[in-house]
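A.B. asks: Have a look at this one.
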Amino acid sequence: MTFRSSILTLYPEMFPGFLGESLSGKALERGDWSLDTIQIRDFATDRHRSVDDTPAGGGAGMVLRPDVLARAIDSVADDGRPRLLMSPRGRPLTQSRVRELAAADGAVIVCGRFEGVDQRVIDSRGLEEVSIGDYILSGGEPAAMILLDAIIRVLPGVMGNPESGTHESFENGLLEHPHFTRPQVFEDMQIPAVLTSGNHAKIEKWRLEEARKLTAERRPDLIQPVTK
Ligand code: SAH
């Protein structure tokens with residue numbers, strides 16, 4: 001099955017960008033996912049092909065016009081794929097949402113620019129706003145690529161060893177334990193003895209303890225309060 005992505009953007013030449021390399025690049029060649037970019041400007045109708053206008057009520061910057069963006073969205077067949085809008089106001093992306101999205105047939109992803117997009121098109125086209133974190137990018141394209149990268153790596157058959165996906169940070173609600181590899185001694189520091197003991201039960205226990213410690217220290221927000 002192919003995860004079909006349709007990207008609405010003013011900068012289609014930014015794609016596939018880094019997604020054309022490495023794991024996601026090979027997956028694209030194999031057809032595990034596909035990419036269709038739609039130039040929003042192609043749906044402008046005025047002489048200047050304008051896609052933005054000044055904010056109603058005044059203020060800085062420009063806003064993506066709803067009529068132009070709606071025509072661009074309507075040019076993509078409504079086949080049940082989720083319609084997402086990259087937006088700092090959206091629900092922050094999580095690994096569990098990534099897994100849900102990866103289980104769908106694909107996604108239609110709108111990349112914002114300027115101050116954002118007219119609220120009416122968000123409402124009328126049922127766009128789900130997705131944020132990749134609490135900071136502001138200059139456009140939705142890098143955010144869309146990050147979202148796609150996270151989705152592609154969990155598609156069936158993309159990752160060489162499916163095991164390596166399930167032990168990752170966030171997959172079990174914890175940050176991952178620290179990693180070590182050869183050489184045995186690096187700048188006078190040894191690999192923790194338990195990891196070279198060959199005792200798999202002990203190794204698993206150590207890793208879980210380390211993961212819990214690290215999560216409590218760095219991301220206490222990830223640890224669910226025990227409900228009585
Ligand atoms: N004025 C807006 C920010 C606009 S940034 C505000 O204060 O909320 C321009 C575009 O970049 C947005 O429309 C969105 O598509 C994208 N973008 C910026 N930051 C993002 C983030 N953290 N997550 C997802 N998309 C983001």
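Quick reminder: no glycine exception, Cβ is built from N, Cα and C everywhere.
Checked TrEMBL, it gives:
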{"type": "BINDING", "residues": "Gly112, Ile132, Gly133, Asp134, Tyr135, Ile136, Leu137", "note": "S-adenosyl-L-methionine binding site"}
{"type": "DOMAIN", "residues": "6-224", "note": "domain 'tRNA methyltransferase TRMD/TRM10-type'"}
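I'd like to know what surrounds each of these features in this structure.
C.D. replies: Look at Gly112 (S-adenosyl-L-methionine binding site): DSSP puts it in coil.
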A.B. asks: For each of the binding-site residues (Gly112, Gly133), count the other CB atoms lying within 10 A of its CB, then report the residue with the highest count.
C.D. replies: Gly112
A.B. asks: Identify which of the following binding-site residues, namely Gly112, Ile132, Gly133, Asp134, Ile136, Leu137, place a Cβ less than 6 Å away from any atom of ligand 1, and list them by sequence position.
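C.D. replies: Checked binding-site residues vs ligand 1; flagged Gly112, Ile132, Gly133, Ile136, Leu137.
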A.B. asks: So what sits near Leu137 (S-adenosyl-L-methionine binding site) in its own chain, CB-to-CB under 8 Å and at least six residues off in sequence?
C.D. replies: Pro88, Ala143
